[in-house]
Amino acid sequence: MSSNQKSFWTPGNILTAFILAGGLVLTVLRFTQGIGAVTNLDDNNPWGVWIGFDLLCGVALAAGGYVTSASCYLFGLKKYHSAVRPAITTAFLGYFFVVIALLYDLGHPWRLPYPLVWSQGTTSLLFEVGLCVATYVTVLFVEWSPAALEWLGFRKIRNFVIKLTLPLTILGVVLSTMHQSSLGALFVIAPGKLHPLWYSSFLPVFFFMSSMVAGASMVIFEGALTHKGLHHKMDKTHLEEAEGVAFGMAKAASFILLGYFFIKMFDITMDNDWHYLATGYGALFMVEMLGFVALPAFLYALGVREKNLTMVRVASVFGVLGIVFNRFNVSMLAFNWQLPASERYFPHWMEIGISIFIVTLIVTTYRFIATKMPVLYEHPEYKDAH
Amino acid sequence: MHRRKFLSLLGGAGLASAMGVTKSQAASGHSFNGYPDAMGVLHDSTRCIGCRKCEEACYQVNDLPKPEKEFKDLTVLDTKRRTDAKTYTVVNKYNTAGLEHPIFRKQQCNHCMEPACASACFVKAFTKNSDGSVTYNGDLCVGCRYCMIACPFSVPTFEYDDAFDPLIQKCTMCHPRIQEGKLPGCVEICPKEALTFGRREDLLGIARDRIRKYPDRYVKHIYGEHEAGGTNWLYLSGVPHTELGQIEVGKTSAPELTSGALGAVPMVVGIWPVLLTGAYAISKRKEKIAQEEKAEAVRATRESAQEEAEAALKAAMDKATKDKAAAVEREVKKAVAEAEKAFEEKLAAAQAPAGEADTGAGESPEEEA
Ligand code: SF4
Ligand code: SF4
């Protein structure tokens, strides 16, 4: 608070303002000049970073919401309670901005509600993704709203919303299971375009499993970040429970990663794709499997056994990067692999600029919410109300 | 088959998709054989001379913007081209080893029997018509471009440079002209009869006849008969189709590819809430049991504490009673002893001289006080 009064223009805030201003310029460009003016997308490469990063990674990394709330409320791991609100907040912001980012990529953004209200293409996996994401954003908004309502002092509505926690959590898990896996299933339709090392009819299962890892890793990773930046906003319970949360999530993540590793290997064996390992794509695949699946699985397990928080945090960085790497591989690097290099896609700097803009918007909004609302601490008037 | 088995081993979610497969396959009708009277076009690359007349006719029929280079200009063929938003069809030139003359192949939308584009579109902007054509309605399109990802032949194109109404563009097989009883523009103009329009079934017959009659001229493969579940455009060639840029596409149609994943949806919706509520109930029950155990422990502790306290009190009281009794006895003894002593003194005084008796009598009142 006092630093706010001293000077608002800290280096961090200056950078934020700079990015936000630049983002606005790019936004105007995109919506007046067309998608072609700001991207390198073309007829062979209709999806780029806006889908590969903003949508695929965004949704996976926001999985902390369902992972945490399910552990706490459904599986009775009450010690995760203090982690639920920050996770729900990030998840809500994550999904909300995924939708915002999507508007940039759509030719007719204002028609985004069409599949829901006007003409339902039920044979499409994208329809399922759309339906679930739309519903889940709403669910997350309601799940998150108590923080805002406590801040605003609307006790009655807040108490009513709290009563909905259980059904909302169940709904959240159902919706997440469906759309996390459907994002992988989107690519099942294109066996000719996605490299065999990544193409699989298991893609939905792979995406779902890795979303749980993404969720757990993000909870640990964010925990480490907020400890640095917003330590003063955290209450005693939060600080006390933080370590337990990190270790618990780490344990789960190491198991899931191990399982993931094995079914991936099983998949490659079944399709007899081993001979691809000797190619460039094989090297890419090995980097993914060893560096971003096996390594974090090992680090997580070791970190938990030795009770070494730093190791767990390092593992979470690999976990998060691994998801990004995997989603990039499926949607961009290993996609269209048969095309000659000259016809492949590389993002335009303005596409990346808009992605950075969106991420900055998320961080800025999170900082606002976490400094104003009871997210990292329990509101004094609502103690024990949970 | 192995996959299915493995999926069922994956437990909950996997089981769901394994079970979902059969049902949705039935519902999606992946064994769809196309409309019985669906039309199509047969392209015979052994007859095509690469004159680009079909490109020109397509441009006129569909009112497309004029290209940079004239249609007469055949140098265009030297570079590989693909269709785009302003070009629904292109002819490409292929030089294959062992042949001194180039081969030409026309490409455009193949009008699949079970179109991936239609199956992928989440607003049903594509329609498979009974005449065999696949058409697109730009009024519904959201511009997500998933159809472009899905199409195995990379056909749909997008108007990236239009900021306000960018649409998907592709060949319509001249659906409007067919409805009027006319031939597709490209077929009508082709000077070498490299293109034949007709019922798909008849075209397959014609193609088989040609292969049978001229076995040296053709490879024994009608591209499009089974590719991606079958297409309404069919191709004959003298060299393997892959040499003409026609990639190997599995026989599986798009709906069949995705039916497993789609079929899992109702199962997830049905099973998950039950399982999760179960998990919740179990964790609640665990909590309840833990609470009961705690309460029981507290009660037990309290009870034993009470017993102990009572015992201690009783012991204390007993002791107190005993002490009291002892004290009384002591007092009594003392009193008796004193009384005896006083009696003896009195007796002695009565027997002894007067001086001694005074001293003894003086002591005893002092003691009493
Ligand atoms: S070729 Fe592509 S665009 Fe044409 S019908 Fe088939 S899937 Fe659709
Ligand atoms: S771009 Fe249009 S036509 Fe293609 S899938 Fe999306 S909504 Fe359907």
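One-based numbering along the chain as shown.
Every residue, even glycine, has its Cβ placed from backbone N, Cα and C.
Here TrEMBL flags A:12-31, A:51-75, A:87-104, A:124-144, A:164-190, A:202-225, A:245-263, A:283-302, A:314-337, A:349-369 as transmembrane segment.
The transmembrane segment (A:87-104) makes contact with the transmembrane segment (A:349-369): 3 or more of their CB pairs lie within 8 A, with pairs spaced 6 or more apart in sequence.
Here the transmembrane segment (A:202-225) has long-range neighbours at 59-68, 83, 86-87, 90, 176-177, 180-185, 187-188, 242, 245-246, 249-250, 252-253, 256-257, 259-260, 263-264, 267, 296, 312-313, 315-317, 319-320, 322-323, 326, 330, meaning same-chain residues at least 6 beyond its ends whose C-beta is under 8 angstroms from one of its own. Using the rule of three or more Cβ pairs under 8 Å, pairs at least 6 apart in sequence, the transmembrane segment (A:12-31) is in contact with the transmembrane segment (A:349-369). When each of A:124-144, A:283-302, A:349-369 is scored by its Cβ pairs under 8 Å to the transmembrane segment (A:245-263), the top-ranked stretch turns out to be A:283-302. The list of residues near the transmembrane segment (A:51-75) in space but at least 6 beyond its ends in sequence, with Cβ under 8 angstroms from a Cβ of it, reads 81, 83-84, 87-88, 90-95, 97-98, 101-102, 105, 133, 140, 143, 165-166, 169-170, 172-173, 176, 179-180, 183, 207, 210-212, 214-216, 218-219, 222, 248-249, 252, 320, 323-324, 327-328, 330-332, 355, 358. Between the transmembrane segment (A:283-302) and the transmembrane segment (A:314-337), the number of CB pairs under 8 angstroms, six or more residues apart, is three or more, so the stretches are in contact.
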